[in-house]
Amino acid sequence: MKKADAIWTKDFIMVLLVNLFVFVFFYTFLTVLPIYTLQELGGTESQGGLLISLFLLSAIITRPFSGAIVERFGKKRMAIVSMALFALSSFLYMPIHNFSLLLGLRFFQGIWFSILTTVTGAIAADIIPAKRRGEGLGYFAMSMNLAMAIGPFLGLNLMRVVSFPVFFTAFALFMVAGLLVSFLIKVPQSKDSGTTVFRFAFSDMFEKGALKIATVGLFISFCYSTVTSYLSVFAKSVDLSDISGYFFVCFAVTMMIARPFTGKLFDKVGPGIVIYPSILIFSVGLCMLSFTHSGLMLLLSGAVIGLGYGSIVPCMQTLAIQKSPAHRSGFATATFFTFFDSGIAVGSYVFGLFVASAGFSAIYLTAGLFVLIALLLYTWSQKKPAEAEGKVSIAE
């Protein structure tokens, strides 16, 4: 293979590591902050959910503009600036003991998380050879899947052996390490033109062809928010905190194992053969959580949810791109994840309002049954498919 066609270059590895650092932090705090709110701040489950929702809300608000910001000021510069502000603000978790101030910190970090995750994806796309871009971006996406397992596992286990100040210091230093790595990335100069003009037209923020499938994605993520925001607190309530971190390991393992097979089915047979069963499997996994009182059941639930949810999301992201013009694939992806993040943000808050009175079993059972409506929404989204100018594959 020619050196020019290589994927695993120094710069690709560096940007993949930065992305891994960011998402490990994201998934760790997604899991730990609800517990911190209850134990250290004397807050409620709904307040813990609000910390998650506000972070995602600020990311959602910023995301439609983050692409223009990155192009206007340059990818390398924005990678360093956004990583620096995210890392340095992480040290503020230690002195803050006021819930309102903590909300402000989460909102601030959400802004830079949005820009940072936008710029790492853009840099990765620039670095990967054009003829191997699908394969390379598939590897890049796996860093997020790996973080989904590492973050909660590391956070929940570390939280049990150190105090919260030590915990927050460790992860702030972890992000500083990510900042140092970002300095080592070399971005192709021609890609940073700095000539982008800010505009506020709908078409400069969203892709119309992706809106229907993005709506289905929003519904899926709304139900999935019960896992991201409340799994750790639920595990504590049923005396399973010691193994709750392994839930996410099982989740990530089945998700990564399933992806190559579901990708081939998607390409050869069509999206329905993957999405319909995956929604049903996801529903079963959530319902299993509602009846969980043993470690084995918790781990099995994680594996089942990972199999279902892990198959749905990449298929829907691919559909969002396929239903859009080829030159609008970036906007299609941004549209899908804007809706997806919105579902998690709203779900974290809404389910948090009811968990204190209804209990965790009730919200997981409700989410498990509620997600079945996505079967009808998906059918609706496919009734009048838009003609795409290009096709992409998730079988890479």
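Note: Cβ is positioned from N, Cα and C throughout, glycine not excepted.
Packing against the transmembrane segment (12-32) from elsewhere in the chain are residues 52, 79, 83, 86, 90, 113, 116-117, 120-121, 123-124, 127-128, 136, 139-140, 143-144, 146-148, 150-152, 154-156, 159, 167, 171, 174-175, 177-178, 181-182, 184-185, 228-229, 231-232, 248: each is 6 or more residues past its ends and has a CB under 8 Å from a CB in it. Summarising the annotation, Swiss-Prot assigns transmembrane segment to 12-32 (among others) and lists sequence analysis as the type of evidence.
Positions annotated as transmembrane segment by Swiss-Prot: 50-70 (among others).
Cβ atoms under 8 Å from those of the transmembrane segment (85-105) belong to residues 22, 25, 37, 40-41, 43, 47, 50-51, 54, 112-113, 116, 165, 168-169, 171-172, 175-176, 178-179 of the same chain, restricted to positions at least 6 beyond its ends. Per Swiss-Prot, the feature transmembrane segment maps to 85-105 (among others); the stated evidence is sequence analysis.
As annotated by Swiss-Prot, transmembrane segment applies to 110-130 (among others). If you look at the transmembrane segment (110-130), the same-chain residues 6 or more away from its ends with a CB under 8 A from one of its CBs are 4-7, 9, 11-12, 15-16, 18-19, 22-23, 26, 54-63, 66-67, 69-70, 75-76, 78-79, 82-83, 85-86, 89, 136-137, 140, 185, 187-188, 191, 334.
Per Swiss-Prot, transmembrane segment is recorded for 136-156 (among others).
Listed by sequence, the residues of this chain that lie at least six past the ends of the transmembrane segment (165-185) yet keep a Cβ under 8 A from its Cβ atoms are 10-11, 14-15, 17-18, 21-22, 24-25, 28-29, 32, 76, 79-80, 83-84, 86-87, 90-91, 93-94, 123, 155, 158-159. The transmembrane segment feature in Swiss-Prot is assigned to 165-185 (among others); the stated evidence is sequence analysis.
Residues or ranges marked as transmembrane segment by Swiss-Prot on the basis of sequence analysis: 213-233 (among others).
Per Swiss-Prot, transmembrane segment is recorded for 238-258 (among others). Among residues of the same chain six or more beyond the transmembrane segment (238-258), those with a C-beta under 8 A of the stretch's C-beta atoms are 27, 31, 142, 145-146, 148-149, 151-157, 160, 231-232, 292-295, 298-307, 309-311, 360.
What Swiss-Prot records for 269-289 (among others) is transmembrane segment, and it gives sequence analysis as the kind of evidence.
Annotation comment: Swiss-Prot describes 296-316 (among others) as transmembrane segment, evidence class sequence analysis.
The transmembrane segment feature in Swiss-Prot is assigned to 336-356 (among others); the stated evidence is sequence analysis.
The transmembrane segment feature in Swiss-Prot is assigned to 358-378 (among others). Within the same chain, residues 213, 215-216, 219-220, 223, 226, 230, 233-234, 237-238, 272, 275-276, 279-280, 282-287, 289-291, 351 sit at least 6 positions outside the transmembrane segment (358-378) and bring their C-beta atoms closer than 8 Å to a C-beta of that stretch.
Between the transmembrane segment (50-70) and the stretches 136-156, 213-233, 269-289, 336-356, Cβ pairs under 8 Å are most numerous for 336-356.
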